[in-house]
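Peer 1: Have a look at the structure that comes next, please.
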């Protein structure tokens, strides 16, 4: 075949530069397969089969990354959300008490537990950081589910999706719950190789994590479906008659089992109609970067900021245009997930995460978001839930809120105090240099201030708080470089700016 004919592929005239790019892509995939073959030879026999499965998963992801060009979303093709695509939480009916046990017995609770507490200066899994009354994220989760099981005589299991970073420490902690009325299962998400940005090849020299921890990464929570299936747990739960999984981030303290949502999925005429339900909530200015639901090519789709063309980022952040965002609380029909995995039709966009390692190397991590699979499911819907179901603790700013008198602890769930006059939580910004690490943050508060009437708090610099401090309205406290501000015990600050240097010393 002559060159001109070869260039006419699928009706497109192919230029020499396009052919060159195609060859590079093919070559990259061949080289990757060769690198994996070498790495597998360094793998101990007991781990070889699992490692090979992970490598096969990565090769598919890499193939998409290499071959998909252009934006995954064309801005002009975004459609208006159809009426009824996002249900109103206020319209949900609570189930009859007599039906609750049967409904709960069809549920599996999954917590995404792959993250470390490094963003708050902690070692080990984030889930074992104490957040309230010396109870950790994991303690609170176990308390919530045990309360359900004891109250209704149900057997809701808790499943933790760990990563190679969190598994060992989590296994040690899980042992302490053996006497509780909650059956706990764990499985690991995949372990994928970081790739060099220039060569597009893995930076790992051996298949062992221990020899070079920086060469590997857990590939985002979109890995849930395949890892859950590969673990054997999906089949186990289907055989037990479980119908839905409620999936959420372990650090979202608002993500508790909701009987109204469960009744919506399992009760009456709706029973088993919905393959996928995403909890969304109204955007505030603090949430402008959060993923949102859109209608695209006549299907519901999750749109993340990473997929938005640069010229439309401001449109994406607009609270008027995109009024809701994804809480990452998801209700997924287990047999529907099993079907699309078996058919190979599960489709999630590839997220390219660029990182710069301490050794100066620029690397790429290929990731996927668990909510992005919404477009693969039939009967996919959103449900607009109250803000109280989204209470993530990402930084010490959030920790201040959940440790404060804004919330009361009830059977492992944090409930906003009825004394708070507004439904919204205060906006808190604590200077990362002095408050960013949990240990340092705790040292700066003799007791957590009363923030029941607080709207906005900004603290910057070397600031400490005495016991029984009360903050109201808008409070800004800024200690200049080299200065220190000590807020005295019992101080009441209402709509105040404190700056400069303030130290009250005992004599």
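Glycine residues also receive a Cβ, built from the backbone N, Cα and C atoms like all the rest.
TrEMBL lists these features:
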type    : residues                : note
BINDING : 126, 189, 220, 251, 394 : UTP binding site
BINDING : 221                     : substrate binding site
Peer 1: Work through the binding-site residues one by one (126, 189, 251, 394) and name whichever has its CA nearest to the CA of residue 221 (substrate binding site).
Peer 2: 189
Peer 1: Have a look at the binding-site residues (189, 220, 221, 251, 394) and report the one with the fewest Cβ neighbours inside 10 Å.
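Peer 2: Output over binding-site residues 189, 220, 221, 251, 394: least Cβ neighbours within 10 Å is 394.
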Peer 1: At a 10 Å cut-off from the C-beta of residue 126 (UTP binding site), count the other C-beta atoms across all protein chains.
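Peer 2: Taking all protein chains shown, residue 126 (UTP binding site) has 24 Cβ neighbours within 10 Å.
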Peer 1: Looking only at 126, 189, 220, 251, 394, the residues listed as binding UTP, what is the longest Cα to Cα distance in Å?
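Peer 2: Max Cα-Cα spread across the UTP binders: 21 Å.
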